[in-house]
There are 2 protein chains.
Amino acid sequence: MTAYQSLEKQFKKLFNYEHLAAICGWDQAAMMPDGGNEARAHAMSELAVLCHETLTAPEMGQWIEEAEATVASLSEEQKVSLKEMKRVWQQATVLPSYLVEAKSIAGSKCEHEWRTQRKENEWDKFAVNLKDVVKLAREEAAIRAEQTGLSKYNAMLDLYEPGMTTEKLDVIFGELKSWLPELTRQIIEKQSNVTVEEPAGPFPTEQQAELGKKLMGILGFDFNHGRLDVSIHPFCGGVPQDVRITTRYNEEDFTQAIMGVVHETGHARYEQGLPASLQGFPAGQARSMGIHESQSLFFEMQLARSPEFVEHIASFAKDTFDRQSDQDFDISNINALYKRVQPGYIRVDADEVTYPAHVILRYEIERDLIEGNIEVDDIPGIWDQKMQEYLGISTEGNFINGCMQDIHWTDPECKMSTAENHNYKDGCMQDIHWCDGSFGYFPSYTLGAMYAAQFMAAMRKTIDVDICLKQLEIAPISAWLEENIWSKGSTLTTDELVIQATGEPLNPEYFKQHLINRYLNN
Amino acid sequence: MTAYQSLEKQFKKLFNYEHLAAICGWDQAAMMPDGGNEARAHAMSELAVLCHETLTAPEMGQWIEEAEATVASLSEEQKVSLKEMKRVWQQATVLPSYLVEAKSIAGSKCEHEWRTQRKENEWDKFAVNLKDVVKLAREEAAIRAEQTGLSKYNAMLDLYEPGMTTEKLDVIFGELKSWLPELTRQIIEKQSNVTVEEPAGPFPTEQQAELGKKLMGILGFDFNHGRLDVSIHPFCGGVPQDVRITTRYNEEDFTQAIMGVVHETGHARYEQGLPASLQGFPAGQARSMGIHESQSLFFEMQLARSPEFVEHIASFAKDTFDRQSDQDFDISNINALYKRVQPGYIRVDADEVTYPAHVILRYEIERDLIEGNIEVDDIPGIWDQKMQEYLGISTEGNFINGCMQDIHWTDPECKMSTAENHNYKDGCMQDIHWCDGSFGYFPSYTLGAMYAAQFMAAMRKTIDVDICLKQLEIAPISAWLEENIWSKGSTLTTDELVIQATGEPLNPEYFKQHLINRYLNN
């Protein structure tokens, strides 16, 4: 067996172990009764150790070295595959095991206690845990920086969005910041005389699921290789041959679950469309978090929230919930509902116009935190200042016990200016990402939104997307994505992928034009 | 770390891996879309190798030796635990790896092709594969016999029912054979003037599931540590902290699924009641297949099919399916339905009176097959002769293409006496067990039925079971089972367990009395 074949065998083994982790992880979120959690946590942790041991097995370094020495004997695909194998192996081996363990313990503690601390708005207690996590993340970043020659934060960013740097992001996000606040203001002004009615429930879960599956089918989800279920936090899991997506249902509002299903369907189709010839190898996996998000946002923002597709959603929903004569189901109302722009505290509830502000704010804080320019104690102050700057709202002094849950920034009665009443809960304590040290992840969301807009612009050069959506003829759209994105796996860098697909590197102008077209020019 | 502690650590690791196998196995049967099967099969097979490697790790022999040398330092529980560790380790290590692999390949091939061959009634083709399986099983049995000092078939029996031997079984089953045919005849005669009506469907799946869950709850299933789902072949899987039971629904007949759920609930409560202090170790696991079956049959035959409990089932079913005025739901009819005795070809469809005949027939054949007294080619002839002898029906010469599926032995039109029309499909080709070499398993079913009757007789000495069932007060019954069976795990031999619980070793007289009381004395 050649060294390269040994590597392939080892990565196939890892792929099999990760298959088990993916299915048991899905089960934990979607099926497992509460009482099963302790035993499951032990089993999953044992498997995580095994996956790490498999990827960092003592022979791996030598195999990689030998394979590199005889690289001339490999096919082009194998060369790329080897490069990606080496990249994930290096990322996995560089951390000393004491640090991996310390990170895992600090992360679990921080995340576990955050679940209560957030509810109780206890920033001070949370900050104690977060400081431990940040200390270890800085240590990790320093080690990764030394290995890669990147800056500390860039080395973390590289885990989620290989090739992306603060130098590029500062420019890209800088551009967004230059026009987004004003654009947001204009959109809100334009929408101020639009009345939107929320259709009144109940909308039974079974019917919502039926509608969700109908849309999944239309959008090309392969039910022979995947399923839709329910979990508290929607996600896309499983393996490419068996993709598990989840959603959550609110019987008073079907619009969220339905669009959530569409979003996860985008993730799922990427997974289902990854190259079979590289199955099990790093080069056969999704390129990056940003590209993954570009696919979910392509399906949600570019396809499903287009007026052409919303018309179908409204019509299907009318049938599904038997509301033929309910005016709230009129296309114009459903369309207005799905286009509503409103600054708010919570990132996950944000519309596509205000979402980037949430991401840029987090990016700037975590970048400075990892580089050592600010400390955990500085976060709340910076958060509030940037919320004010980018979205015109503040989480400072607006917390009143009890009404916090439903507070709206325009409601003056809920504003108080004492430090004790600072709304950390819906401010810098709202996300799980920092708890377990996932610094460098946040930019992916907005990168995804921008990639999606750019892909759509490129696609429109050869495909009449509006006609496709009007006629629910998704095949040409799928074929373009499959050819340009899905089938590439990780065989290209993100830059190469975007340039090959669209003719140029990431250009935020497409995103801007998309927002202007959808929210102002109509 | 002491040698014993090393063993505990290794078995905990194995337990974690087996947890993943149990959940992914359940998922495969209950959740997975078809297209996921290939990748899943690879992942499961990788995990099976890992489990085997973990149990047979090179250090294990030395750890066991060292732990035995310092056994005085162990607690009583640890001593027992060590004994069971050694037993499963010996069973796992004794086979050379070429044989394990050959068995796996031959078994997979035989089982895979059996799925079509059975449908097509192709005994000749099936026999070719079965001969390979039997050859390897005999080799396995010889190796296990040498290790254990048992006879060849006894060494196989020991895998499923430790301590059980043909010497004991020949006596026990001999007794059954001495009275069961005549008893069956009497029961059938008695029932010949009873009219039974099958309630007419449809009975929607959701309502059947609701009724099943209601009964599970009444029977003490802990939904915080388990769930009920659907699969083609009902089973009890998962782990003690998260037991997954399944059933299948027929919308024309609710009675089968409901009783199937009760049966699996018995298996589940055994698992949920295993000793927590020994969790993860062999001594903390279920004692044997026979004892496991005794718990499912206790719940099904001793509890749920009692007239006291059937009365509740009839009443709940009336409510669930809204059939208040349907006479087919009358207690007397539902009771007669659940007590109907009818010899038939198919073991899994048999009632509790005729079931032992199916088992004894298989036991006698597999015993002689493994000991080398008969050959695969002899099976159909012996099968027919014993079916005639024990049940008064024959699979010989009753096969007519097309009507085979629904054939009934009393229907003379379907009888033909040519060899080509031999009904192998519903005869010696009906079970999956021999395909993969599970020789020694069949006796467990009838041992379970006899243990269950004996446990019930013992329980009745201190508990008024009829009152409990009338009042649906299951707690005292559960407490008895938990104290005497579940909490013992594998810390006692089967004989010790039965003697401690009932005051004597297995005695088929209790089963006989149970059948007489239920089917003749009323």
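Cβ from N, Cα, C; glycine included.
Secondary structure at B:Glu264 (active site, proton donor/acceptor), as computed by DSSP, is helix. As annotated by TrEMBL, active site, proton donor/acceptor applies to B:Glu264.
Positions annotated as Zn(2+) binding site by TrEMBL: B:His263, B:His267, B:Glu293. Counting every protein chain shown, the Cβ of B:Glu293 (Zn(2+) binding site) has 25 other Cβ atoms within 10 Å. Secondary structure from DSSP puts B:Glu293 (Zn(2+) binding site) in a helix.
Listed in sequence order, the residues of the same chain lying 6 or more apart from B:Glu264 (active site, proton donor/acceptor) and placing their CB within less than 8 Å of its CB are B:Pro234, B:Phe235, B:Cys236, B:Ile245, B:Thr246, B:Thr247, B:Ser296.
Highlighted in sequence order, B:Cys236, B:Glu264, B:Gly266, B:His292, B:Gln295, B:Ser296, B:Leu297, B:Phe299, B:Glu300, B:Gly448 have their Cβ within 8 Å of the centre of the Cβ atoms of B:His263, B:His267, B:Glu293, the residues recorded for Zn(2+), and are not part of that set. Counting only same-chain residues at least 6 apart in sequence, those with a Cβ under 8 Å from the Cβ of B:His263 (Zn(2+) binding site) are B:Pro234, B:Ser296, B:Leu297, B:Phe299, B:Glu300.
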